[in-house]
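Everything on this sheet refers to the single structure shown next.
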Amino acid sequence: MEGKDGSIDKGLLQSTELYKYILDTSVYPREEECLKELRALTWTHPRAVMGTAPETGQFMALLLKTINAKKTLEIGVFTGYSLLLTALAIPHDGKITAIDINRDTYEIGLPIIEKAGVKHKIDFIESKALPALDHLLKDGENKESFDFVFVDADKVNYANYHERVLELLRPGGIVVYDNTLWGGTVAMAPDLVAESKLQYRNAAVEFNNFIAADSRVQISQLPVGDGITVCRRK
């Protein structure tokens, strides 16, 4: 991801130059102006690294269009970059249920979302994800009704989210989990990982093993952004 000062985080690629080539050639020229604006605004936030990588967003938009997604769910919103790109990709009468524990960060990007004319598609829920998902499941009409889910929240709970998401997702629906390679630390011995990254590194390893063994979904783990795992519910 490119910082507000022009610096480049190469992500999982071997060279900054190659990552910049991908961004400059294929990602930034296709990125809508409202997304550029929100990405730049996000980089002024102290926790900007929590934002969705633009190349991840581009791939998600492609998936959304490919499956003709209309009803989607987002777990973890932050400033709303992925939320905005989803709203732009789904039809005018499409709906997104967006869950985040912090409304303040969502409101950072809200003026840009409103300016883009897509706020009417969003139902924002300020809550921890697990109780919000359990509440959704109490309504039988929500079960197997979502076309697409994006998960970018507390990594320790990914397996717990997954069980609930599978109840909400229609057969053939797609769920994308972000940060499943955690800066490449999943391939490192634990004693070589910085203490600040170890908890989520361990959580990612555990989730990766869990999802690899889940016969209910087809999966593909990709070195896009900080690593994403794409699952299709059978």
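Even glycines carry a Cβ here, placed using N, Cα and C.
According to Swiss-Prot, the residue from D93, D139, D147, D154 that belongs to the S-adenosyl-L-methionine site alongside T52, E74, G76, V77, S82, D100, A129 is D154. Binding of divalent metal cation is attributed by Swiss-Prot to D178, N179, and the same site annotation extends, among D152, D214, to D152. D154 (S-adenosyl-L-methionine binding site) falls within neither a helix nor a strand when secondary structure is assigned with DSSP, and so counts as coil. Comment: S-adenosyl-L-methionine site residues T52, E74, G76, V77, S82, D100, A129, D154; largest CA to CA distance 18 Å, whole number. Just so you know, the Cβ of D152 (divalent metal cation binding site) picks up 23 other Cβ atoms within 10 Å once every protein chain is counted. Here D152 (divalent metal cation binding site) is compared against the binding-site residues T52, E74, G76, S82, A129, and the shortest C-alpha distance is to G76. Sparsest Cβ environment among the binding-site residues E74, D154, D178 (other Cβ atoms counted within 10 Å): D154. The two recorded residues G76 (S-adenosyl-L-methionine binding site) and D178 (divalent metal cation binding site) have their Cα atoms spaced 10 Å from each other.
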